[in-house]
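Taken straight from Swiss-Prot:
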- 162-217: ATP binding site (BINDING)
- Asp288, Glu301: Mg(2+) 1 binding site (BINDING)
- Glu301, Asn303: Mg(2+) 2 binding site (BINDING)
- 132-334: domain 'ATP-grasp' (DOMAIN)
Amino acid sequence: MSKQTLVLLYGGRSAEREVSVLSAESVMRAVNYDKFLVKTYFITQMGQFIKTQQFSEKPSESERLMTNETIELTQKIKPSDIYEEGAVVFPVLHGPMGEDGSIQGFLEVLRMPYIGTNVMSSSIAMDKITTKRVLESIGIPQVAYTVYIDGQDLEACLVETLARLTFPIFVKPANMGSSVGISKAQTKVELRKAIQLALTYDSRVLIEQGVVAREIEVGLLGNDKVKSTLPGEVIKDVDFYDYQAKYVDNKITMAIPADVDQSIVTEMRSYAEVAFKALGGCGLSRCDFFLTQDGQVYLNELNTMPGFTQWSMYPLLWENMGLAYPDLIEELVTLAQEMFDQRESHLI
């Protein structure tokens, strides 16, 4: 039986490229090599596409994907050279230029099926401010927030923010994930510095009320018919779950399934599925919630390309539902092909 080609794109231009490499290495080891041939391409910080490795069988645990230190620049290709008839692309890319609709649009121009949400839902979900406004409009609870746009009067924004919110306050670049560029502010001075830091990552900044809450996550899978997982909980050994805690210090553990009341489980799964459909989602997403001590649920964000590392919540949530990592990848490939066929049929 001939194998289907699975094209892995990893690296990328965003500050989350290191997470992308970790995710892609986990995917390449989880693939069912009886069914797939894996071809990998590294995208540099400058946006160059480099042909790297090919795997016809499971690589050893010691084998690593080629990155900046090991790539061969002689293998630089035109981005369109990744095209292969019948192949499916897994863009294991996080953050801007990865899960913001950019690469999705490129793959649609190439007429290649790809895993993940489409151009519209990727771009909306990537922007925290736009996502909050969409979810507010359909009645899904949001933590109180204000917005700062680069070039506006910063002092006026601080006055407005302190009139509406109380410390602690979290400041986030609108278009960034993996907690990159996020700060916790306890004073006006810290708030100003946090906004200035966020502006180094994006021109639009979300300023959000801090809440004492548990962090609960729900996995989503599907196209027209969406399935959700039982929720899992991120249990922190630190006050603030930032990039360092997530990916460097490993100062988190996970409880899967989360120990929450059944009514809360039902509410979260319903909100997750409704939000996914409202944003035009397809393929997959991870929906992140806050759960306060008094039982208030807030939907924090939808992550359209969640981490796929061996310790990432998304694959572990599905494993808890009985869907093993290799089978999850196969399901994602099937969904990608289904959406490709649907898009193509609408262009005729």
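Note: Cβ is positioned from N, Cα and C throughout, glycine not excepted.
Glu190 (ATP binding site) sits 26 Å from Asp288 (Mg(2+) 1 binding site), counting Cα to Cα. The Cα of Glu301 (Mg(2+) 1 binding site) lies closest to that of Met176, out of the binding-site residues Ile169, Met176, Arg204, Val211. In the three-state DSSP scheme, Val211 (ATP binding site) is classed as coil. The Cβ of Asn303 (Mg(2+) 2 binding site) has 22 other Cβ atoms within 10 Å, all protein chains considered. Here the Cα atom of Asp288 (Mg(2+) 1 binding site) is found 21 Å from that of Arg204 (ATP binding site). Taking the Cβ of Val211 (ATP binding site) as reference, residues of its chain lying under 8 Å away and at least six apart in sequence are, in sequence order, Val143, Phe290, Thr292, Tyr298. Here the CA atom of Arg204 (ATP binding site) lies 18 Å from the CA atom of Asn303 (Mg(2+) 2 binding site). Model confidence over the domain 'ATP-grasp' (132-334) stands at 93, taken as the mean pLDDT rounded to a whole number. Secondary structure at Glu190 (ATP binding site), as computed by DSSP, is helix. DSSP assigns Leu197 (ATP binding site) to a helix. In the three-state DSSP assignment, the secondary structure recorded for Ser183 (ATP binding site) is strand.
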